[in-house]
Amino acid sequence: MANLGCWMLVLFVATWSDLGLCKKRPKPGGWNTGGSRYPGQGSPGGNRYPPQGGGGWGQPHGGGWGQPHGGGWGQPHGGGWGQPHGGGWGQGGGTHNQWHKPSKPKTSMKHMAGAAAAGAVVGGLGGYMLGSAMSRPLIHFGNDYEDRYYRENMYRYPNQVYYRPVDQYSNQNNFVHDCVNITIKQHTVTTTTKGENFTETDVKMMERVVEQMCITQYEKESQAYYQRGSSMVLFSSPPVILLISFLIFLIVG
């Protein structure tokens, strides 16, 4: 890890040093550097426009470019660009009109639902989170009757599980046991409230289904937890901290 960080540091130092030198090189020419941008004008540093009797370029009476009476570009009476009577750009008022500020976009319900779909903390359940929807697993119960019963009634069983963060458990078995209990309890209460009851066969099948889903949820959460821990270790190593500090110095400087 240290060797990798050192090589990354050397590579970024070389790249950003070259970019920093490029930024500091003076650019030739440019606006107001003394060079004439129009043919037939005076010496460098002189007036960029031909002398007129108080008017704009090619105008006899002080008007704007192509205007006879002091108007803005394309205006006869002092108006702003595209306005006939003294208005600002696109406005009929004075010169202090502000731009029209667009209204803030409204947050759609689709975005709000997507943000709360995965891992949302469920209120009133003591820190439990609701996992993403899963496909119900195909399970064989050992006899044709139960297999057929499961296929015909699987839609009545949960497709999401309740769980707590994996770092609150010492092993997978504890996580799965708690996950199964709270999920079946919540699903049973909700379904019973709607007037539907479960038989012993339903409870048996739900336990098997929810157990498989809780194992899948544990594997998913464990992998995410490990990746977060690895990222923290990487960014806390001295070479990476030095590299990030150097990049910030180059950007700010």
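Backbone N, Cα and C define each Cβ position, glycine as well.
For H61, G62, G63, the entry in Swiss-Prot reads Cu(2+) 1 binding site, with the evidence type similarity to another entry. According to Swiss-Prot, the feature Cu(2+) 2 binding site maps to H69, G70, G71, an assignment based on similarity to another entry. Feature annotation from Swiss-Prot assigns Cu(2+) 3 binding site to H77, G78, G79; the stated evidence is similarity to another entry. Residues annotated as Cu(2+) 4 binding site in Swiss-Prot: H85, G86, G87. What Swiss-Prot lists as compositional bias 'Basic residues' is 98-108. For C179-C214, the entry in Swiss-Prot reads disulfide bond, with the evidence type similarity to another entry. Among the features that Swiss-Prot reports, N-linked glycosylation site is placed at N181, N197, with the record citing sequence analysis. Taken from Swiss-Prot, the feature GPI-anchor amidated serine covers S230, and the record attributes it to similarity to another entry. Taken from Swiss-Prot, the feature region '5 X 8 AA tandem repeats of P-H-G-G-G-W-G-Q' applies to 51-91. What Swiss-Prot records for 51-59 is repeat '1'. Feature annotation from Swiss-Prot assigns repeat '2' to 60-67. Per Swiss-Prot, repeat '4' is recorded for 76-83.
Features per Swiss-Prot, on structure.
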| residue | record | contacts (Cβ under 8 Å, 6+ apart) |
| --- | --- | --- |
| C179 | disulfide bond | V161, Y162, Y163, V210, C214, Q217, Y218 |
| N181 | N-linked glycosylation site | none |
| N197 | N-linked glycosylation site | T191 |
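Cβ contacts within 10 Å of C214 (disulfide bond), excluding its own Cβ and spanning all protein chains shown: 24. In three-state terms derived from DSSP, N197 (N-linked glycosylation site) belongs to neither a helical nor a strand segment and is classed as coil. Residues belonging to the repeat '4' (76-83) score a mean pLDDT of 47 in the model. According to its DSSP assignment, C214 (disulfide bond) is helical.
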